[in-house]
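A quick write-up on the structure given underneath.
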Amino acid sequence: LPVSAAPRALRRPGAADGMEEEEDEDSGGRRAAGSPAASARFVRCLYAVGFLDLFGVSMVVPLMNLHIKSLGASHTVAGIIGSLYGVMQLFSSTFVGCWSDIVGRQYSLLACILLSALGYFLLGTSTTVFLFAVSRVPVGIFKHTLSISKALLSDLVSERDRPLVMGRFNAASSVGFILGPVVGGYLAEFEGGFYQTSFICASIFLLNGGLVWMLPWSEENADSREHCQDKGTNSFSAKSNHDLHLKSATSRAVTNSSFFQTPWIQVATVLKKIKGIACSNLWDIFLVRFLMSVAILLYYSNFTLALEERFGVKPLFAGYLMSYSSALGVLAGCLLGPITRLYGHNTYRLLLHSSTFTCVLILLYASALSIWMVILSSTFLAFSTTIGRTCIIDLELTVGGNEASGTLLGVGQSVTSVGRIIAPLLSGIAQELSPCGPPSLAVGLALVAIVIMNANKQKYCSHGSVKLKNQ
C-alpha cells in the first residue's frame, strides 16, 4: 500500500476552472494534510498514535531502575543494560528507518509497534535480571515508532506545512510523556505494580497497532491517484506542483517495492540507501544536530544535583520545574504554525535564531545567581529547544529530499543516540571541575553549531536545491 497522499485543495461546487481554492486556516488537520476529511482524520490519528506511544513508555521507564535493583542487580549491571538499549537504538534506527522507505510505512510501523509490545510484555514477566535484559532487546531494536510516524507525516503534508504538523505531533507526544509518569507512579504503589504497569504499556501498544491498522490507507491511496489524474483541473502554485510530483514519485517508489521482497533484496536496498546518505553533503546538518543534542543533554544531565548544590533546592522542586518546562514545550509545539508564518516559512533562519537563543539561555543558567534566573531560563528554553528540534528535522527532510525520509530520520535518530552515549561521559568529567561545568561546556558546543550554520548559510538558505548525490 502506498503511504503518501499529495496535498489537495478543495474546490467549491460550480466554481470557475481558473478560480483559486480556499484553504481552511482554522483546521489544523485539513490545512496540514491539504485534503478532505480522510486526510484530516489520518493526520489526527497519527497525533493519537504519538500520544499513546509516549504515554505508555513514560509509565514504565521511570520505574525500571527501581525494578532491576529489586531483582538484585548491581549499579554496574543496571548501567550496562541501560547502555545496551542505547547502543541497539544507535545501530537499529538507521536500518529501521530505511526499511520503512522500502516496504512502506504501514507494514514497518505495525511491525515496530507489535514487536515493541512484545518487549514490554516480556518486561512484565521479568522476574530475573536475565529476563529483564532479554525484554529490552526487541524494544531497543524496533522502538522507532515515532520516527516512522514522523516520516509518514512528512509523506502526507506539503513542505510548507511540515513544521506546523511536526510541532503538533511533538506536542501530542509530549502530553503523553507528561501524563504517563503520574499514572505509572500511582500504579507502582500497589503490590506487583511494576508488572501491572508493564502489561498495561504492552496493551497500549497493541491498541496503537489496532489504530494504525484501521487508518484509512486505501482512502489515502485513492486520494493520491485521483489527485494525480486531476492535476490539470485544480489550481496550484509552481511550488505545490513540484511538491506533488516529488511526493507522487515517492509513493510509486514505495508501492513498487513490495513488502514481500526477499530479505536479501531488502537488505541490499537498505545498504544502498544508507550509502547514499553517507556519501551526501548532509554532514553539516547532522553535525549541528549532534552538537545541539549534546548541549541540551548536558544542560539536563546534572540539573537536579546542580540545583541542590548551588541553591539548596530539593529534588522535588527540580522535578516540578522539569514538568513545568515539559508543559511549556507542548505549548511551543502548538505555536509553531504562527511562528513559522512569522518567519515566512524560512526554516534556516528559525533554526539559527532558536539555537542562538538556546545558547544564551544555557549561559544564563550557568551564570545564574538566584533560583529565579534558573526559572526564567527554563521557561524560555522549553520554547527554543522544542522549536529547534522541529526545525532541524524539517531541514534534514528538505535538504535531503522526501524520497528517503525514513532513512534521513533514522540517521538523525542515530546521531542523537550517539549524543546520549557521549553526554553522560562529558558531564561527569565537567562536573568534577564545577557544578556549572556541564552547562558551560554545553554553551561552547552550541556556539560551534551556530558557527557551522553561519558558515553554510548559503546552502541552508537554498535548502530546496540541495539533494542527495545518488538520487
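One is the number of the first residue shown, and numbering goes on along the chain from there.
The backbone N, Cα and C atoms fix where each Cβ goes, glycine too.
All annotation found in TrEMBL is predicted automatically rather than curated by experts.
The shown structure was predicted, so the numbers you read here are calculated from the model rather than taken from an experiment.
Quick look at what TrEMBL annotates:
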REGION    1-34  region 'Disordered'
COMPBIAS  1-16  compositional bias 'Low complexity'
DOMAIN    42-461  domain 'Major facilitator superfamily (MFS) profile'
TRANSMEM  46-64  transmembrane segment
TRANSMEM  76-96  transmembrane segment
TRANSMEM  108-134  transmembrane segment
TRANSMEM  194-215  transmembrane segment
TRANSMEM  282-301  transmembrane segment
TRANSMEM  321-344  transmembrane segment
TRANSMEM  356-383  transmembrane segment
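Put simply, of 108-134, 282-301, 321-344, the stretch with the most CB pairs closer than 8 A to the transmembrane segment (76-96) is 108-134. Tertiary neighbourhood of the transmembrane segment (356-383): same-chain residues 292, 295-296, 299, 307, 310-311, 313, 321, 324-326, 328-329, 331-332, 335, 436, 439-440, 442-443, 446-447, 450, selected by CB-CB distance under 8 Å and a gap of 6+ residues from either end. Residues 322, 355, 358-359, 362, 365, 381, 385, 388, 392, 395-396, 399-400, 408, 411-412, 415-416, 418-420, 422-424, 426-427, 430, 438-439, 441-443, 445-446, 448-449, 452-453, 456, 459, 468 of the same chain lie 6+ residues outside the transmembrane segment (282-301) yet bring a C-beta within less than 8 angstroms of a C-beta in it. The average pLDDT the prediction assigns to the domain 'Major facilitator superfamily (MFS) profile' (42-461) is 80.
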